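Here is what Swiss-Prot says about this protein:
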CROSSLNK  932  ubiquitin cross-link
CROSSLNK  948  ubiquitin cross-link
MOD_RES   696  phosphoserine
MOD_RES   706  phosphothreonine
MOD_RES   719  phosphoserine
MOD_RES   721  phosphoserine
MOD_RES   722  phosphoserine
MOD_RES   738  phosphoserine
MOD_RES   792  phosphoserine
MOD_RES   855  phosphoserine
MOD_RES   859  phosphoserine
MOD_RES   863  phosphoserine
MOD_RES   877  phosphoserine
MOD_RES   982  phosphoserine
REPEAT    1020-1061  repeat 'WD 1'
REPEAT    1121-1160  repeat 'WD 3'
REPEAT    1164-1203  repeat 'WD 4'
REPEAT    1251-1291  repeat 'WD 6'
REPEAT    1299-1335  repeat 'WD 7'
């Protein structure tokens, strides 16, 4: 019968596939993004897309040197020859009229691209006329761009000396015009177009002269006495652009079917010349009936996209833009295609000129030079579009049939869609992105284009950056003017992506009234919650630290809109609505008072108990900024601040460190507002701390909690350098053996053997005491911790009176508590706040200076961290606590300390003579009382002035910026853990297969029967006395806790894997450990007897350092005891619930998913809880108590009825109470007297009893095998089967010449294998198993 009671199946996982399925279905604890990521924002995007020097071409000089009817002497023209200039035959009319008509036509052609520019023609000019024209245009243009168009078809070719030709007044001579002079007149920025043979020569000469100018400028700058420095400085030509029709050695084509100014035609009438050139190609024969005359009759206008001609122009723009974006470097693309509308048009058309003119062995030249584009694949798409258009012309013109629109844009969007569906890893960006931009304003393609654009932006910040660089911003900004409801979700998504990467767009939105669009979306109850969430984020960005945005959104009724959605079931929406509220009234008093009128703060209170930690954190942020306004105070506002503060104070023991960090920041706002009040409270507290003795620890006798006197063995509080600065993380994987025997000298001069407690954690900790700006704390951790513990005793209240219970007093208590928080980031922030007030209070005390001192206080610096010399100090090892309580004049001089070894502290130092000492150097680091400080002559007002700014500047959590990262990341992509082909998924599969193998093999060994368990398979000396030991369920790793550190051993290889400090204070000890997510990504939970819980990752990892995932105060008001249960826990992986109890009167249940307390079940006893065991299937909790009782609770029932059974058969301390996991599991309990009792939870009495050895110190029950192991103070371990029969004793270590084992301090069975780990007071840890032949 007993055997049946102890024997349990594989926790209901008898079949391999069932067990494997359970692994997949088990929830993972502390694996959310808030646990895996650092709480900080993304790195800000360099705004390369936003043009800082956007320009306009405001003036255009059209210089035509045609001399109609007279050919220049150095050009021999063919017969027939190209004659058309600006599509005018100059011989069809008189020379003068022809010249004027050509000039007028050229101006019209340019006006199509820039109608607002100022145009000036200079027809067959002289040098003076050109000079006058250029200087006039430059003078009027100021800093804007001027265009100089030069047609030199009627004059000789440019010279190698850098000259072009114009005329004399009588047209009897060609006069040279130096490019150097032209540069001087035109200035910069300018763009030059040269349409003449050998035009490349001009470009070369231009560059040479520009370089010469730069050298002259440099000489004048270096030597003011140089003759060049006395002359007017020449303008720099750096910002000049040139377009030339051909290379330096080339002539313009003279084919009669082409215009003579082919280059100009390409630049100014691209569609006309492109169609004409297309008709001259052989491929046009495939389209019958198309002639040069027919293409002149293409219906429509260039600027009307609905017509054939307009559609062709639109397609041409899209294609040339796309070619440029795909070929040009990004910065060059921005400069040439996005900076200036006219320049962009000319360069798009220049790509056509290159394609057409290269077919006639003529190569257009540009400066800056472009990569070749004439062979780009997109030209084929252009040819197809032209082909489709021209093929319709005969029927359209002759028969009047309707025009069929080109499928070009639809096909390009499909190509873009294909690129998106094929994956983006290691691929170049989609070349169709500029085309998507082109169709955003087209009603036909807009919806599809926005959808595809959104999917592209969802790929990540790089995609957003790419889209912004291509010029998407003005288009999506303009679309906010649309009232189409179907666009709302798409636009909201796109804008959320943009603002998540570049928040500076907030100003553009407000300027264009874009915020009104999002206000209407957020107020729309028919919008899905996901899109309202994005809208709330967008508005939160608009009002973030931007007064104009705050004012605009306040007028738009944002506060009321947000308040209506605080109770929305969508948690992300609740989170961002709260953040949005917090930002709109941050440093904006009008919004705060609007919030007061709407009772916003009271409506936010409900979110403080939200099940989602991020929502609670957002609510704390919003309430923190609500009380953080620096406007003038009234009684009403003060009352509101007090109410908010007291509501926030309830989160002091929230399970999420993220929430508690935000709580510190919120309370710091209150501290800044009511600084003088807090200074008074601080002085009051410190005075009481000095006079009031700390209550003594309690001792447990017979399982009851009773106070005892303080004794010399009571652990001292640790020094300031060890707490609140847990930052040092070493790179060494193992503890250096040379440090094992290293002696460190304490202040008393005694030598102590190395232990984790002798190492300081942070070389950045305070070495002297001064202003908070240097992180040099006036209040040590010891002082703060004592203040916290003293203030928790009600007797103190009567000493100080009613004022002690004021709001400021309560908030000070909260900050004291948070300064001792187990999570270092929280305690660091709280220490900063407390010390800021302490610093301010000492400055206000106006001390007098000390003159006659033989030695001055300068505390020894914190022990430096040597990365290669000691164990991981992730949690921070406390150094030997200081015993000094020096007076202000009995001090030691600062000693130079080696960086290689922890510092030693001499007790005395030579006198330094009377001198002035900095204020911050005259305080003992660990002084007992909050003193007003030594006197000094320097004025502290300057230091005090920066006090508020210190708190405000340093009080940042990064929560809001971190939350915004969600919108910058892919939300449409399948999470990697759900992707069947991902690395993470494969690793999980491997782990679950391993788990199945371990379960199967272990069960096979157990089924063979266990007759002995004394084969020692592992033995090693632990760095500290083992207090808790825990097997990993599936890897050969065992965790061994000593008082304040954790060591990991590989029990198969016999190697030490890791050793790090847990971070708990010196006067506390680790009393429990649990592996979380043991089946997958394992974490280690540690519990200490001060009620703190810490969770670690990356332990026993050769590539990473241990890292604290989270920490919180699992139990508050734990009574300090010299002998007690400490903290006991039990973990339910299936539900993610953590049961905790110990030296308290309750069993507290934590939901690790929500990181919040679920319930407190009263134990109904006056003694401590010594053991906990739970069963998720029946919701039962079994507690063993120090008074010998076993109590069963059903957590589904009301608190007054949940204790369903109490067994009082044990008469002494219960060592173990175990609830078997299978559905009909029994309760097995053992007391220190060795009586093992079996209970059926349905029965009022035990169903069986057996007696084992007395004087137990540790006991465990194997969850699978029929085994009980117990350890004794009498230096042996006994193993029993379920019938109470002794299997074997273990009294001696193997291979130690019969050395006797020490007193057993802890032991534990492996969850699956028949392995037993035993820790003893002689520092040794050993693992025993069945005989080798059985294994």
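Just so it is clear, glycine is given a Cβ too, placed from its N, Cα and C backbone atoms.
Residues 998-999, 1002-1003, 1005-1006, 1008, 1010-1031, 1033-1034, 1038, 1040, 1049, 1051, 1078, 1257-1265, 1267, 1269-1277, 1279, 1290-1293 of the same chain sit 6 or more residues outside the repeat 'WD 7' (1299-1335) yet have a Cβ under 8 Å from a Cβ within it.
With DSSP classes pooled into helix, strand and coil, the tally for the repeat 'WD 7' (1299-1335) is 0 helix, 18 strand, 19 coil. Sequence-distant contacts of the repeat 'WD 6' (1251-1291), counting only residues of its own chain at least 6 positions beyond either end whose CB sits under 8 Å from a CB of the stretch, comprise 2-3, 5-8, 10-11, 1002-1003, 1006, 1010-1014, 1215-1216, 1218, 1220-1221, 1228, 1230-1236, 1300-1312, 1314, 1316, 1318, 1320, 1328. Listed by sequence, the residues of this chain that lie at least six past the ends of the repeat 'WD 3' (1121-1160) yet keep a Cβ under 8 A from its Cβ atoms are 26-27, 29-30, 609, 611-613, 653-656, 659, 697-700, 705, 708, 711, 713-714, 1069, 1071-1072, 1074-1079, 1085, 1087-1091, 1093, 1110, 1112, 1114-1115, 1166, 1168-1174, 1176, 1181, 1183, 1186, 1193, 1195, 1199. A C-beta separation below 8 Å, combined with a sequence spacing of at least six in one chain, links residue 982 (phosphoserine) to 976. Helix, strand and coil counts under DSSP for the repeat 'WD 3' (1121-1160) come to 0 helix, 26 strand, 14 coil. In the three-state DSSP assignment, the secondary structure recorded for residue 982 (phosphoserine) is coil. According to DSSP, the secondary structure content of the repeat 'WD 4' (1164-1203) in residues is 0 helix, 20 strand, 20 coil.
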